[in-house]
Amino acid sequence: MDLIQSYEEEDEAVASSPESSPPRMLKAKSSAPEVDDTALALTVANVNQSKSKPIDPTQHVVFYNPTHDQLWAPMFGPAHPYAKDGIAQGMRNHKLGSVEDASIGSFGFEEQYHTFHKCGYAADPSGMNYVGDVEAFKKNDGLSVFNIPQSEQKRRKIERSKEEREGEEKKEEIEPEAENPETEAWLRKNRKSPWSRKKEVVQGELTEEQKKYAEDHAKKKEEKGQQGETKGEHYADKSTFHGKEEKDYQGRSWIEAPKDAKANNDHCYIPKRLVHTWSGHTKGVSAIRFFPKQGHLLLSAGMDCKVKIWDVYNSGKCMRTYMGHAKAVRDICFSNDGSKFLTAGYDKNIKYWDTETGQVISTFSTGKIPYVVKLNPDDDKQNILLAGMSDKKIVQWDINTGEVTQEYDQHLGAVNTITFVDNNRRFVTSSDDKSLRVWEFGIPVVIKYISEPHMHSMPSISVHPNGNWLAAQSLDNQILIYSTRERFQLNKKKRFAGHIVAGYACQVNFSPDGRFVMSGDGEGKCWFWDWKSCKVFRTLKCHNGVCIGAEWHPLEQSKVATCGWDGLIKYWD
């Protein structure tokens, strides 16, 4: 026990003595082979050295994380490959390069800059004294352009204007009277304000040559005015009768309806077969109209500038050709009794014809192309003509006087259709601006405007026989139905589709009993839909080109006439 205690005391003494040596440790041994780390040391040294250098822009790979200063360091040596002026993008804080902040503020610089250019002196950047014109500095008490009082500015302005006025007066005194119009002095003296009145010139006596020139000029002006009255292209009006005789043995005219032409029944049927073909037009046929109420004659408008009328009831021949337009005929419209009709052509003329004699009663024109013509359907207003023009207007004429009595100007595009509704007290128009507008007859104010984002242009509109609905041919290949009541709402439940009419003004129409809707299409077919179910009832292949028009016979309920751009008119039963 005493021996152990003595050992412990010795160890404590050794540990507490300052001169004692550290305990001896055995050297650790590793079984791994020794590695030459010279290359690693050199690499680390290169990396540490490269971290202080700017990055080479041609270098594609960086093996370390560069500092912010390295990324935005200026370029030295060759120009930057992606900068036109050679300045590194990081050093660019202005479109012209690098701009550093100066000791003077931007406002102070502007103030001294303008003061120097205006007065000739400026403050020294050191702030101790001024440089430039000393006399001007003393005269202005060292004021800058931003510190001049308003009273002083006003006084200087008055003095300057006074000096300018005096200088001009001196010039006028020095300069001799300018007689040559080519000199600047003459121009300065005779210059006029655009608001100045015309000077009254006392007219002296004219020479014989001047009198002759004035007469010729007046004559040309008068001729030009006479041409301007018609405004459309002039073409000689003529008509040719192709029948055997214009009156029969009883003295009845050839346009009179046969006495035995009556409706068989009120029920309409879809036609199945081709009965007759009329081929008198040399170009496409743009519109056809049956004779009102009777339908024993058929009027057709052609792109060969001619209008023809055909016998439907008896011989089936062309009875008369009306030639009065210089360009293609766009639209036609019968009067209520069929004794007269209107034609609208691309020669900018509207002509009012006598059906029997073929004479032009009157011609109307505004200098624009009429796209649609319509007579007021009321019997007591058959002298009122409405025309939808290419200049966005609907123009109303009185046929008896030849004067324009009203203009309806609200559309934003060419007017395509005019349709009377509500017992002819109102009419609906459609236009290339993809809208429908309802007007009170005689009042040029829109009472209803229909335009939706989904709407397309509607080049043809027809009224249902009961007068409660409008069928509008929409250029997105469907027929839309609108009510003719106060609200003129779209009937979303009725929509007729399947045909292709995009780009063509194919006519839409109803059967006389209102059971069927029909329309031509761009592929030469005539489509028939059932009014109640909106389903396709039948399709007839009618023409080689576009089937542009389709009319149902007013009396014979199973017969339909179609026309197309192939120049043919076909009669179906």
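Note that Cβ sites are derived from N, Cα and C of the backbone, with glycine treated the same way.
Note: TrEMBL annotation is automatic and uncurated.
Annotated features in TrEMBL:
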REGION    1-33  region 'Disordered'
COMPBIAS  14-23  compositional bias 'Low complexity'
REGION    151-251  region 'Disordered'
COMPBIAS  160-173  compositional bias 'Basic and acidic residues'
COMPBIAS  197-250  compositional bias 'Basic and acidic residues'
REPEAT    278-312  repeat 'WD'
REPEAT    322-363  repeat 'WD'
REPEAT    408-440  repeat 'WD'
REPEAT    540-573  repeat 'WD'
Next item on the list: Mind checking which residues of the chain, 6+ beyond the ends of the repeat 'WD' (540-573), have their Cβ under 8 Å from one of its Cβ atoms?
Entry: 261-279, 281-290, 292-295, 298, 300, 302-303, 310, 312, 504-507, 509-513, 518-526, 528
Notebook entry, point to check: So what's near the repeat 'WD' (322-363) in sequence-distant terms, Cβ-Cβ under 8 Å and 6+ beyond its ends?
Noted result: 230-241, 246, 253-255, 283, 286-287, 289, 291-294, 297, 299-309, 369-375, 377, 379, 382, 385, 387, 399, 402
Checklist line | the repeat 'WD' (540-573), counted residue by residue under DSSP: helix, strand, coil | finding: 0 helix, 17 strand, 17 coil
